[in-house]
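Listed features, source TrEMBL:
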- 13-19, 41-43, 307, 333-335, 414-416: GTP binding site (BINDING)
- 14, 15, 16, 17, 39, 40, 41, 42, 132, 146, 226, 241, 305: IMP binding site (BINDING)
- 14, 41: Mg(2+) binding site (BINDING)
- 14: active site, proton acceptor (ACT_SITE)
- 42: active site, proton donor (ACT_SITE)
- 143: active site (ACT_SITE)
- 301, 302, 303, 304, 305, 306, 307: substrate binding site (BINDING)
Ligand code: GDP
Ligand code: IMO
Ligand code: MG
């Protein structure tokens with residue numbers, strides 16, 4: 001019997017999960033997404049090509065790897081169809097190749113879930129979450145509210161009636177948002193067209209499917225979306241997404257028992273970013289932050305929004321490592337710091353007149369101030385290095401400093417967006 005390895009983000013998302021899942025996928029028989037939905041944008045680059053995946057697991061470009069969209073994921077059939085159509089245009093057809101399956105128990109995002117997301121955000125004005133407007137929150141609300149529609153429902157004879165009943169509830173709610181105008185007919189037509197398409201992807205029970213792989217001794221990797229600090233329970237609530245982005249989410253989002261979890265890969269940037277609203281203690285709302293954004297091309301893969309940038313936040317990373325039981329770390333985008341003579345790491349926070357080394361409960365009304373440690377930069381282009389011996393001494397020192405602070409080894413170092421720009425450190 002094998003175990004499920006988990007790869008997930010330790011910050012506020014966009015750490016580079018897609019790239020690393022793609023790099024690791026040859027070692028796995030199955031890659032499984034376990035939560036989130038098309039709010040995710042996972043970027044992969046290889047052979048001069050670039051792909052952004054929203055719903056489809058990032059193992060899709062590896063020839064022998066199966067890909068599962070798990071029960072914890074919320075699915076917008078229109079976006080999923082578009083993703084698969086685009087892949088087909090680029091010469092990849094996972095359905096024809098039998099490389100993609102989808103959980104019957106995964107919930108569906110309806111066009112009205114998106115409208116509810118938009119209406120909610122509009123009403124909150126400047127206090128809005130800054131959601132991706134993909135309908136994620138309202139869909140998970142219907143899931144836990146026991147109203148949702150699932151992938152498996154699409155093949156039931158009364159699917160259209162079930163759909164109509166839920167939409168009636170949604171339009172009733174929308175009528176209370178004064179001045180919120182919307183058009184539904186056109187979106188509904190695309191939705192039902194996409195539902196027919198969804199039926200062509202094999203539906204499975206993810207709990208039996210994944211455990212079946214384990215029983216056969218096959219290797220499984222669970223791919224997280226978003227990041228730990230966006231977790232609905234442990235993130236910077238309410239500025240979070242609506243699912244458990246942590247390792248525990250892989251258990252509920254796929255149907256595996258906690259003792260089936262193997263290695264946990266925690267992935268982080270050599271600095272930090274956040275997109276959308278909410279606290280961000282190490283944010284650099286200045287020229288340095290703009291510089292990081294330009295050098296790191298920090299614009300959302302899903303929404304195109306400018307990402308907020310700041311220094312690495314060690315109290316937040318330690319918290320994420322604890323919550324996830326991280327066994328190995330992966331550091332991304334070291335190359336983005338190539339031109340800095342000095343870089344900084346937040347080691348503590350000043351909070352309410354005290355120096356603390358943990359994330360306090362209320363970081364919304366009292367934002368912690370970072371205590372920064374200056375670190376020599378390596379001031380060398382690392383994008384072309386291909387072996388560990390070529391890593392500049394100052395970057396090796398930065399890695400050693402982080403490993404000492406975080407008490408977990410850094411296994412991989414990423415020095416550019418391409419698949420090939422990845423170094424295995426141990
Ligand atoms: P994900 O959501 O965690 O998969 O990450 P995103 O794809 O949203 O954002 C990561 C961005 O950084 C993408 O544009 C990647 O192509 C890019 N990227 C990944 N690793 C590196 C790296 O080591 N260096 C640089 N410069 N870019 C990287
Ligand atoms: P990947 O998987 C970065 C953020 C949104 C917003 C908050 C809630 O690419 O790392 P939602 O649409 O989920 O209700 O938005 O969460 N967010 C992400 N930020 N990367 C993501 O995914 C994100 N998915 C959601 O910007 O602040
Ligand atoms: Mg992303």
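Every residue gets a Cβ built from N, Cα and C, even glycine.
With every protein chain in view, the residue among the binding-site residues 13, 16, 41, 304 whose Cβ has the most Cβ partners within 10 Å turns out to be 13. Contact annotation for binding-site residues (13, 43, 132, 226, 415) versus ligand 2: 13, 132, 226, each with CB under 6 Å from a ligand atom. Contact annotation for binding-site residues (43, 301, 305, 306) versus ligand 3: 301, each with CB under 6 Å from a ligand atom. With a CB cut-off of under 6 A applied against ligand 1, the binding-site residues 16, 39, 303 are reduced to 16.
Ranking the binding-site residues 301, 306, 334, 415 by other CB atoms within 10 A of the CB puts 306 at the bottom. Sequence-distant contacts (6 or more apart, same chain, Cβ under 8 Å) of residue 302 (substrate binding site) comprise 38, 39, 40, 41, 52, 54, 132, 134. Over all protein chains present, the Cβ of residue 39 (IMP binding site) has 29 other Cβ atoms lying within 10 Å.
In space, 14 is the closest of the recorded positions 14, 16, 42, 415 to residue 307 (substrate binding site), judged by Cα positions. Annotation for residue 303 (substrate binding site): same-chain Cβ neighbours under 8 Å, separated by at least 6 residues, are 41, 132, 133, 275.
In the three-state DSSP classification, residue 306 (substrate binding site) falls within a strand. Of the listed recorded positions, namely 42, 143, 305, 307, the sparsest Cβ surroundings within 10 Å are found at 305.
The highest number of surrounding Cβ atoms within 10 Å, among the binding-site residues 43, 132, 226, is found at 226.
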